[in-house]
Amino acid sequence: MNIDAISIGSNPPEDVNVIIEVPVGGQPIKYEMDKKAGALIVDRFLYTPMTYPGNYGFVPHTLSEDGDPIDVLVCNTRPLIPGCVINVRPIGVLVMEDNSGKDEKIIAVPSPHLTRRYEKIHDYTDMPEITLKQIAHFFEHYKDLEPGKWVKIGDWGDEDYARKFIVEAIERAKGK
């Protein structure tokens, strides 16, 4: 896969493309895309018997403060094949910190042209409360049994915060 050939999206930051690395509900394995080789690599086996609460991946041509492309959790119920690209609408951000520093997760839903299921979801606060609790619980505990690793959940950011975060990540990648 030539990641350079995949666009950020047709109208960033309102919609962005996400390259999926880990499917919702899959085995507790963390995959990461080798950005230069375009190959999906097994990063690690999760020590906790937990599954991702959404399809997880990154936005190409972005750079977060940790030096990686920005992470995205796509809130939908159908597992996507790792390596596929899905167009999404960002609705919020879960602000976290881990043993490596600040680590934000964009929360998004599939774009309306893919499914109408999420067309009335515009902000993370439109999601069911239990979904938000499950997302926070997963990220707070998925590294629990890994030696030397920890995660602290901070605040949630709204749709505007997510858009601002994406714009900054695009600019950071351009300046690299």
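Yeah, the Cβs are placed from backbone N, Cα and C, and that goes for glycine too.
Since the structure is predicted, the reported quantities are computational estimates derived from the model, not experimental observations.
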- Listed by Swiss-Prot with Asp66, Asp71 as binding Mg(2+) 1, from among Asp43, Asp103, is Asp103
- Task: With Lys30, Arg44, Tyr56 listed by Swiss-Prot as binding substrate, identify the candidate in Tyr142, Tyr161 belonging to that site.
- Result: Tyr142
- Message: Between Asp103 (Mg(2+) 1 binding site) and Tyr142 (substrate binding site), how many Å separate their Cα atoms?
- Response: 14
- Note on the structure: Other than Asp66, Asp71, Asp103, the chain contributes near Mg(2+) 1 (Cβ within 8 Å of their centroid) the residues Ser64, Glu65, Asp68, Ile70, Met96, Asp98, Ser100, Lys102, Glu104, Lys105
- Note on the structure: Same chain, |i - j| six or more, Cβ under 8 Å of Tyr142 (substrate binding site); the result in sequence order is Leu46, Thr48, Met50, Val151
- Task: Specify the nearest of the binding-site residues Lys30, Arg44, Tyr56 to Asp71 (Mg(2+) 1 binding site), where nearness means the distance between Cα atoms.
- Result: Tyr56
- Query: Who sits close to Lys30 (substrate binding site): which same-chain residues at least 6 apart have their Cβ under 8 Å from its Cβ?
  - Reply: Glu21, Val22, Val42, Asp43, Arg44, Phe45, Leu46
- Item | Other residues, Cβ within 8 Å of Lys30, Arg44, Tyr56, Tyr142 Cβ centroid (substrate site) | Val22, Pro28, Ile29, Tyr31, Asp43, Leu46, Tyr52
